[in-house]
Amino acid sequence: MWNPNTPVSEDCLYLNVWGPHYKTPTPRPEDRVPVLVWIYGGAFVSGTSTLDVYQGHFLCKSQNVVVVSMNYRLGPLGFLAINGNQHIRGNQGLLDQRLALKWVVDNIAAFGGDPKKITIFGESAGAASVGFHLVSPGSQGLFQRAVMQSGAPNAAWAIATKNEIYERSLKLAKLINCPVDYPARLEYCLLNADPKNLFLKQYENLVPPSVLPYPFVPHIDGDFVPSDIETLLNSSTLPNKELLIGLNKDEGTYFLFYGMPGFTREGESLITRKNFIEGLPLVMTNSSEIVKEAGISYYTDWRDENNTKSNRDEMARMVGDSLFNCPVVDFATRYAERGGKTFFYFFDHVSSKNPWPKWAGAMHGYEIEFVFGMPLNPVLKYQQDEITLANKTMQHYGDFARTGNPKFKGGDWPLFKANTQEYLSLNDDSTGVKKMLKANECHLWNNLFPKFQNMSDILRRCSSSGIVQYNWVFLLILLVISLTH
């Protein structure tokens with residue numbers, strides 16, 4: 001479902017539009033409908049708007065909306081940056097998205113869309129992109145509402161510093177034999193490099209091994225991304241747009257099949273304790289040893305630490321919590337705290353068409369087929385309850401695009417607030433309101449782990465071994481207290 005169905009090309013800046021049928025050649029202003037603009041995911045390294053799962057005709061027809069999807073540059077073509085070079089400044093992929101949004105504002109009325117009622121929505125890196133537009137001053141005025149599915153710009157995999165991108169870019173330039181000491185020649189070499197070679201070389205040790213080892217992502221450039229996400233969310237100058245944001249039940253399982261020790265694409269992947277310990281550094285790549293020990297402690301069932309099923313499930317939970325669950329909950333909480341009207345969903349249906357092992361559950365990305373109404377295609381022979389779920393999901397999106405409230409059983413969807421964190425559970429047999437999703441796990445990832453990491457960094461800089469020894473004991477005591485309360 002995710003494999004590209006069109007040739008890979010640097011010439012990719014196209015968009016697609018699905019609009020209602022009108023009896024008149026030019027839609028009248030009073031007939032204009034809301035617009036939903038899709039931004040695909042793929043870790044900022046892969047993806048295309050042409051995938052079958054992104055086809056917008058069912059969503060367009062069922063909700064009487066205009067649906068737009070876009071392409072944007074990826075990997076080094078989209079996010080490589082050279083220090084001091086005005087032509088290769090980075091974040092090209094985000095600028096491509098902004099240009100597409102400007103086109104929509106200027107032209108969508110000709111397709112029957114209302115340029116004053118635009119909702120951007122995306123999944124994974126697409127959701128992180130939506131988040132970047134939400135906090136970027138230059139994107140304000142191009143849309144009114146936003147939907148973020150399983151991704152956020154504050155996730156470690158979604159954002160880098162200037163220096164990180166500069167260093168990775170120079171490493172890549174050296175790998176393709178560009179002269180890095182001569183700015184003009186470096187620029188000429190990069191601009192004339194084979195795009196396929198650039199893409200292949202980006203995987204050669206530019207970043208430490210990890211579960212998501214992709215070096216070229218958006219960075220804090222002082223322009224599109226003026227500062228870190230927390231600072232931007234605290235800014236009083238940004239407007240508070242309505243936000244629908246959410247997660248799938250088993251966000252982590254998809255990524256286990258791509259290089260995590262002991263996991264295979266067939267069978268139960270019952271991993272050993274050794275596999276679990278070997279896999280942990282790929283999740284907590286930049287963490288100190290004490291933080292890794294805390295991770296092991298929290299995600300181990302100490303009643304039976306060698307239980308292979310438990311080791312598998314806990315590794316899946318750790319990957320999901322670190323990459324998606326806790327960054328998304330953190331973004332939603334901060335956005336709600338600043339006054340943004342926020343709605344949260346939790347998708348826990350396992351598609352009957354999911355080709356992965358059953359234990360993998362409601363995986364990352366597998367809500368998209370319901371958002372776009374894929375089960376309504378009779379050729380695919382989805383189950384009747386899945387057709388119902390697809391219609392219900394599209395109705396939520398249509399209501400949100402029209403009114404700013406996704407609605408719930410004819411009433412209002414409860415607001416997600418920092419103190420109560422109410423969210424809606426979406427599945428085929430029941431839909432109910434719950435509270436405090438992943439509260440314990442996200443307290444760990446969003447609060448305790450950063451504090452322990454900061455303390456570890458301070459201790460590393462201490463010159464006196466006596467002070468270091470004393471402080472490590474103090475840190476261990478704090479760790480035990482924190483994890484047992």
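Note: Cβ is positioned from N, Cα and C throughout, glycine not excepted.
As annotated by TrEMBL, domain 'Carboxylesterase type B' applies to 7-445. Under the heading active site, acyl-ester intermediate, TrEMBL lists Ser124. What TrEMBL records for Glu251, His364 is active site, charge relay system.
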Self-check item: In three-state DSSP terms, the structure that Glu251 (active site, charge relay system) belongs to
Solution: coil
Quiz item: To what whole number does the mean pLDDT across the domain 'Carboxylesterase type B' (7-445) round?
Solution: 94
Practice problem: Across all the protein chains here, work out how many other Cβ atoms are within 10 Å of the Cβ of the residue listed as 'active site, acyl-ester intermediate'. | Solution: 29
Quiz item: Where Glu251 (active site, charge relay system) and His364 (active site, charge relay system) are concerned, what is their Cα separation in Å, rounded?
Solution: 5
Quiz item: By a simple count, how many Cβ atoms lie within 10 Å of the Cβ of Glu251 (active site, charge relay system), its own Cβ left out?
Solution: 27
Quiz item: To the nearest whole angstrom, what is the C-alpha distance linking His364 (active site, charge relay system) and Ser124 (active site, acyl-ester intermediate)?
Solution: 8
